[in-house]
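K.L.:
First the structure, which I've put down as structure tokens, then a few questions once you've had a look.
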Amino acid sequence: MGCGASVPVDDDEIDPFLQDKRINDAIEQSLQLRQQNSKKGVKLLLLGAGESGKSTVLKQLKLLHKGGFTQQERRQYSHVIWCDVIQSMKVLIIQARKLKIKLDCDQPNNSLIPYKQIILRSDPLKQIDADVAGGTDFLNDFVVKYSEENKNKRRLKSTGTTDIWGKDDDSNINSDAINQALESSLNKDSEQFTRLSIAEAIHKLWKLDSGIKKCFDRSNEFQLEGSADYYFDNVFNFADTNYLSTDLDILKGRIKTTGITETDFLIKSFQFKVLDAGGQRSERKKWIHCFEDITAVLFVLAISEYDQNLFEDERVNRMHESIVLFDSLCNSKWFANTPFILFLNKIDIFENKIKKNPLKNYFPDYDGKPDDTNEAIKFFETNFLKINQTNKPIYVHRTCATDSKSMKFVLSAVTDMIVQQNLKKSGIM
């Protein structure tokens with residue numbers, strides 16, 4: 001009899017239970033790696049210039065993964081919005097005169113005169129609980145936004161150039177300055193009116209005074225709350241002292257972000273820590289404290305602000321400042337290997353704007369069709385992608401941060417991408 005060469009036999013072929021054990025061990029190891037990675041967590045940094053909508057993105061994350069807003073938050077926004085709706089109408093009346101727009105309520109014997117007088121003599125701070133609205137932070141922001149003294153101070157400090165790391169510091173107004181400003185410019189000649197009479201006055205001026213609408217159409221030329229028209233349309237809701245802000249009210253409302261806020265979310269078994277840093281110049285010097293161990297940067301840009309100037313310096317275009325800011329962050333040593341997610345936000349407002357204010361007036365190198373929204377957005381997408389001088393990926397999304405339906409889709413895509421990248425780093429995928 002001949003003899004053949006022996007062939008080694010795999011133990012798995014002899015013992016199927018051993019094969020099952022190896023498979024189970026591999027699965028267990030994979031699960032342990034995933035668990036360790038989820039414990040380590042994901043750090044998402046929200047950045048962008050002031051009023052870009054990044055805090056609205058955070059609000060949408062709360063709606064999706066935190067069960068929405070508390071009763072306290074709803075009360076707070078009701079107070080803040082009531083103040084802003086009154087002050088926004090005051091701003092329109094004052095700015096119309098500066099822009100030499102004829103107001104019906106300024107004409108002799110016009111039936112709208114009493115409504116104008118109510119608005120100009122109203123003091124919203126006498127009608128709310130400042131502590132519920134945010135205490136000192138709220139009063140600080142209110143004075144910064146609406147005090148003529150602070151507007152004049154900003155004009156005097158204006159350089160007309162981008163100052164991305166911000167040496168201006170409007171946020172550090174002390175309590176004496178707050179009290180002085182409130183007693184002088186804000187409370188001057190004020191009277192106590194009922195909320196209903198104020199709401200009626202705002203409603204009449206908004207609906208019937210053609211000059212107010214003309215002034216609103218030119219609001220890119222001065223500083224006005226971005227949701228002022230929404231406030232005016234719903235003014236009777238906000239006039240109700242028992243009214244609790246809806247989700248949409250809160251998404252439309254604005255409370256200035258000061259410092260750096262941290263919010264934790266559990267998304268797909270991963271711990272997400274989202275850091276929202278104040279975007280105005282005076283806040284940016286604080287950013288450096290949250291640059292370490294960042295998984296991804298979410299940079300929010302209000303594309304609709306191509307024709308507006310900064311609140312901090314009315315000689316600087318908001319879009320130009322955002323471009324320089326994005327450049328400094330994207331190409332920073334801190335984020336050399338950190339993926340960037342770019343939200344081109346407020347596209348709904350942008351679509352309406354470019355039909356009235358051609359993009360080429362502000363960006364002469366744009367050679368697309370004047371009223372082609374898609375072409376105009378692509379212009380910005382291309383220019384922002386060109387800024388990247390590294391090999392890291394940049395993911396661009398077109399967003400309307402106040403639209404919960406579309407943001408649910410976008411944020412799901414973003415969090416899925418971040419989770420997948422973390423799994424790849426762990427060797428699980």
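Cβ coordinates are placed from backbone N, Cα and C, and glycine is handled just like the others.
Quick paste of what Swiss-Prot says about this protein:
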- GLU51, SER52, GLY53, LYS54, SER55, THR56, LEU251, THR257, GLY279, ASN345, LYS346, ASP348, ALA401: GTP binding site (BINDING)
- SER55, THR257: Mg(2+) binding site (BINDING)
- GLY2: N-myristoyl glycine (LIPID)
- CYS3: S-palmitoyl cysteine (LIPID)
- 43-56: region 'G1 motif' (REGION)
- 125-197: region 'Not present in other G-proteins' (REGION)
- 249-257: region 'G2 motif' (REGION)
- 341-348: region 'G4 motif' (REGION)
- 399-404: region 'G5 motif' (REGION)
K.L.:
Using DSSP, how many residues of the region 'G2 motif' (249-257) fall into helix, strand and coil, respectively?
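P.N.:
Tallying H, G and I as helix, E and B as strand, the rest coil: 4 helix, 0 strand, 5 coil.
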K.L.:
Between the region 'G5 motif' (399-404) and the stretches 43-56, 249-257, 341-348, work out which stretch tops the count of Cβ pairs under 8 Å.
P.N.:
341-348
K.L.:
Could you tell me how many residues in the region 'G5 motif' (399-404) are helical, how many are strand and how many are coil under DSSP?
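P.N.:
So the counts come to 1 helix, 0 strand, 5 coil.
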K.L.:
Across the region 'G1 motif' (43-56), what does the pLDDT come to on average, as a whole number?
P.N.:
89
K.L.:
Return only the integer: C-alpha distance in Å from SER55 (GTP binding site) to THR257 (Mg(2+) binding site).
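P.N.:
That comes out at 8 Å between the alpha carbons.
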K.L.:
Sequence gap of 6 or more, C-beta under 8 Å: which same-chain residues meet both conditions with respect to LEU251 (GTP binding site)?
P.N.:
THR56, LYS59, GLN60, ALA401, THR402, SER404
K.L.:
Please state whether DSSP places SER55 (GTP binding site) in a helix, a strand or coil.
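P.N.:
Helix, per DSSP.
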K.L.:
Would you mind ranking the binding-site residues SER55, THR257 by how many other Cβ atoms sit within 10 Å of each Cβ and giving me the lowest?
P.N.:
THR257
K.L.:
Inside 10 Å of the Cβ of LYS346 (GTP binding site), count up the other Cβ atoms and send me the figure.
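P.N.:
Neighbour count, Cβ to Cβ under the 10 Å cut-off: 25.
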